[in-house]
Every structure is written in structure tokens, then in C-alpha cells.
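Asker: Copying in the features that Swiss-Prot gives for the protein in this structure:
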- 14-73: region 'Disordered' (REGION)
- 27-37: compositional bias 'Basic and acidic residues' (COMPBIAS)
- 38-51: compositional bias 'Polar residues' (COMPBIAS)
- S65: phosphoserine (MOD_RES)
- S68: phosphoserine (MOD_RES)
- 85-102: compositional bias 'Basic and acidic residues' (COMPBIAS)
- 85-106: region 'Disordered' (REGION)
- T156: phosphothreonine (MOD_RES)
- 173-228: region 'Disordered' (REGION)
- 178-205: compositional bias 'Basic and acidic residues' (COMPBIAS)
- 212-222: compositional bias 'Basic and acidic residues' (COMPBIAS)
- 245-277: region 'Disordered' (REGION)
- S260: phosphoserine (MOD_RES)
- S263: phosphoserine (MOD_RES)
- 324-523: domain 'Rho-GAP' (DOMAIN)
- S610: phosphoserine (MOD_RES)
Amino acid sequence: MNWLSSSSGVVLTAYHPSGKDQVAGDSHVKGGDEATSSRRYGQYTINQEGSTKVPERPPFDRSSSQDSLDESMEAYWTELENIKRSNENRQEGQEAIVVKEPDEGELEEEWLKEAGLSNLFGESIDDPQESILFLSTLTRTQAAAVQKRVETVSQTLRKKNKQHHIRDVRDIFAQQREAQEKPPDDSDLRSVRTNENKGQGKDDQPSSGAVDSKEQISRVPEDTPASETDINLEVSFAEQAVNQKEFSKERTQKISSNDSLPSFRLPKDKTGTTRIGDLAPQDMKKVCSLSLIELTALYDVLGLEFKQQKAVKIKTRDSGLFGIPLTILLEQDQRKVPGTRIPLIFQKLISRIEEGSLETEGLLRIPGAAMRIKNLCQELEAKFYEGTFNWESVKQHDAASLLKLFLRELPQPLLSMEYLKAFQAVQNLPTRKEQLQALNLLVILLPDANRDTLKALLEFLQRVIDNKEKNKMTAGNVAMVMAPNLFMCHTLGLKSSEQREFEMAAGTANVMHLLIRYQKILWTIPKFIVIQVRKQNIENQKKERKAMKKLLKKMAYDREKHEKQDKTANGADVPQGVIRVQAPHLSKVSMAIQLTEELKASDVLARFLSQESGVAQTLKKGEVFLYEIGGNIGERCLDDDTHMKDLYQLNPNAEWVIKSKPV
């Protein structure tokens, strides 16, 4: 279904989520209106001409106890003025992104494809078994989100008399429910739903696939409320939101911009915390599909609209530094420095800023001269890859301006076109915890290049904030200065009313603040999603084994005999309660280790590294890691605090290998 060809296009020069009121800006206003006009022009009408005067911005009603985020909105408006002046010299060659307005049902169809559920509609509906297996691993709220969108697509296809086999959505979800209600065999990993498997108990021995559900979720007694600052990664965020609604008829009051940000923490998980970059690509793909479904379910539960947005392909330069898609830029860089994950120019600009001391007052806030920035851009384009550019000539504030310009001139936003609206909508979630949960899922959904670059940016911004006593750049200041550079792109946007413009300013600054403050938490993959990935892997393995048995039915006897021999050999090699750890690149390539309650991944690494000699002795902690490979996971890098016995019970068929992380 190609809806792009049949829809009318809208050319956007800046991006705004839902504002429809159009107010023309005035670039020639004098006196008291001048600052207001230029600020408005800077954000929403960068490429517009022929503007008219608008009323002066209404005063902002500020409370007496403003927190750091709202110290001075003037920093935000000043940054927009600086952006406007910078763009006046860099209009040439810019092309607006064309965003097509989708037909009814098209967004839902794209969503199902992104979620890996295209088998639920269209020509492949005749064999939906794979999707039904996927659905059987979903939580109640996730399944509801999927069903809602399948129904919309089915209704739309019927209306349009498409020549597809339109299966009744009730049939699909009836099969899904049957799959969930079937008694699990010993190799099944139980669902992580909060309303399932209560009171079930098994012995302490691990099954062939996983441990029983009480090992999957550490339940908090109903009469013991969880700490408001604890982030529960073991239960679906959407399910938590439902439980919160049921627990209290009155939802937590909507947060205001002057609420201080709490110090959230992640309780220790004995099976180890999983971070982005720890999983194999095939498992990470499943994580992204589940994160999209979970994010949508969370927005559905909280009554917010979740819509992805696609941009039509536009012409972009295929070489250079500024205005180049991240993927193309990284391809260029990797020819120079193999394994590069963050653009070299971006890294160099950050390095140049830090060389001038992060204690410089007004760092990031004070702009470089617009004409000088333009000349530096041209010189960088010509000399950067040749290695002849003179970095000593770049002043610190100029480097900061170039860094922000790089972000603004990306053909598509660093936060991605698909999810920019969802990032902006985070400000509308009722509680800080739910805002954090949504941001966590959104970060997971970003393309690798965008996510890696965002991480480098946030880490740099935190280093700037760490020097706030000297540079006067608090977290609130930095958030307000950087928000328009991330949430406003020179190719996106709509003119809006002043009230809407002000709400967007405060809201995006708030989201920027959350990204900086909670960046360490945001790069964590929730445990309930990892558990669902394990469950999917088990279901897929069962399906593959079933297919294999049909193909090799005549060889069943020989295979069973061989498996028994292998099992006997393995049992003799590794006694009960012992794991064998492989280290193919170290001098001691294998070691049998007795499992104890206290044994952690860091202890296993320490035992191997302590026995290294010669050249291998130079290996340090952080250069090699212990991996869980196979069983019900593809591959997972373990954090130091992983309790090995607990993880062994969760995945008894895994292999344990010490190796370095892939570049």
C-alpha cells in the first residue's frame, strides 16, 4: 500500500507537533517588540519572507520558587535569536523536508510493519503463525495496542476494497489467547505479565529453558508501596500505569515546570542490568519491536496520541560535513578511521571546546560571530579530511556555535523524524517517572547513529554542567540553550500562536533537561523486555525443532542416541553447580568455576586476569567482558554485578565466554 503517491504534500521549514494557528512574524519590528519578533522568527519562520507585525508576547507568570529548568526562559529566546542570525548566512542550498499527510489507516499499517507484525495483514496473512507466537509473549496492554491498530488497518482495507485476504482480527487474537493459555512445558519461560502466574512454585533446579516466573519478577507486596524514586524495570511500564490508575482513582497531579527533578535509581538486579550495546543484533531487533509496542501501549493507557511521521526522500549532499545525513557522514569517517560510531567532526568540535576549559563563563550560551562561523564552515568543508585545517584559529565559543550548527543542519533531526513528535509529547505525560519511562523507550528506538551521537552530546553537556560554579551554566541553562538546536530543525516547523510557541519552549526545554539528567538510566534496556526476548527465542527454537523433527523423522533414533551421549559427556565434564567459562583469546582458555550465591561476573573476570602473564598481562578491567551466549538469548554482555548463579538458573543452557566488545 503506497499512500505517499496519493497524498498531498506539505512543505515544512521547521517542525511543530500540532500547532495550527498561523501567525506571521515581523522582521522589522522596532522598540519593545523587536526582541519578541526576532525570537518568534528564529524558531518558526527561518525561511519565510513578507511577515507582518503581531502583538507583544504576554508576560510569563512565574512562581517565586523556580527550579533550575525555569531559571530564565530568556536563555531559550536568546538562543533562537542567535540561530536566526546564523541561518541568515546559510540559507543557500537548503531544501525543505516534504511530509505527506497519511490516509486513514496508513499510520497504523506502518506501525505494524515497524513492530514486526506485517503478517497480521496483507498478502502474508495466510501464514500468521510467526506473528501469533510473537503475540503470545506480549503483555495485556501491549496486545491491546496491537489489536487496536490491526482493527484500524482491517477496517480501512475493507473500506478500500483492497484485494487482500482480510482476516477477522478476532480470529488472530483468539489464537494468540489460546497460545497463552496452553499449559507451559518445562522449557517455557513464563510471561512477565503482572496478572499472571501468581502463586506458582517450582523446585530450585533450573529447567531446560528458563526458571519459573517468580525469578522473572520481584514482586512488591501489595501493602508495601514501591519507592517513588525506584524505577521498576521488571514490570511493563504500561502495566504499571494501569495499576497506578486502579490503585488510585485520582491520578498524580500533572507536574509543573518548576517541580524539581527527583533522583531516580535502578534497584539492583541479580541477573544483571542490560544496557544498549550489550545484546546481539538479532536480539536488539526484537528489543526495538517490543519497545515500539510498549511505548504505544503506554501512550494509549495515558490517553496520549502516538503517531510516527515519515519524511519523503529529499536531495542531500553525499559528501562534506554540515547538512550531511549521519549515515553518509559515518561512512566517510569509517574510511578514515575504521569502527567510528560518532562523526569525527562532532568529536573534534567537542574536543576543541574542552581544550579551552569547561570553566569558561557562558559556554554554549555566548555565540560566535555569524560571519566568522560561516567562514569556518567553508574552511572546514575544504580542509577537515585533508588534515590541513588550523584548529588553533577556532575560538572556544566559535567551536560551540559550530557544534550546535552541526546539529541543526542535519537533514533530519538527531531525535529522528519518526519519533520527534513522541519526544515532544513526553512533556504531556502525567508524572516524572512516566516521562522517564517513555524517554527510555524512545532512546532504544533511535537509529544507532543517532543514538550514539546523542549519547556523546549528553555526556559532553553533563561535563559542562559539572563546572557550573565557574561557567554559570546550570542544567536548566544548558537545557534551554540546547533544546531549540535538537527540537527545531531548519527544515521543519510550522508557524504557531505565541501561547503555543511559549508552551513548546518550556516543554522542549523540560525534555532536554530530562535527557541530560537521566542519561545513565535512559540507555538501560528494561528487564521485562529482555525477558520477552528470551521468551520469543524459546518459542522460535521450539518451532525450529518441530520443523526439524519432520525433516529428520527417519533419523530420530540416531539423533536421540547422540543427544544422550552428549548429555552424558557434558554431565561428566561439568558437575552440577559448576559452569565452564571459555576465554579463547587469553592464555588460560577455559576454567571450571563453582557457582555460589555471592559469585559475580567481576569475580569470574578477576580469576582469569589474575592468571595472565606476558603480553596478556597488560589486559585491564573494562577491556574484556564476560558474555552469556546461547540458550534463550543470542548474546549478552554481562555487567560486573551479575550474580552468576541467578543468571544460570534463568538460562542454564548458555555458554560463558570472555572476550572484548565488538567495535
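Using the three backbone atoms N, Cα and C, a Cβ is placed for every residue, glycine included.
How buried are these features, and what lies next to them?
Answerer: In the shown protein chains, 19 other C-beta atoms lie within 10 A of the C-beta of T156 (phosphothreonine).
In sequence order, T229 constitute the residues six or more apart from S263 (phosphoserine) in its chain with CB-CB distances below 8 Å.
Taking the Cβ of S610 (phosphoserine) as reference, no residue of its chain lies under 8 Å away while being at least six apart in sequence.
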Asker: Taking the Cβ of S260 (phosphoserine) as the centre, count every other Cβ atom within 10 Å, in any protein chain shown.
Answerer: 10
Asker: Reported as an integer number of Å, what is the Cα distance between S260 (phosphoserine) and T156 (phosphothreonine)?
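Answerer: T156 (phosphothreonine) has its Cα 45 Å from the Cα of S260 (phosphoserine).
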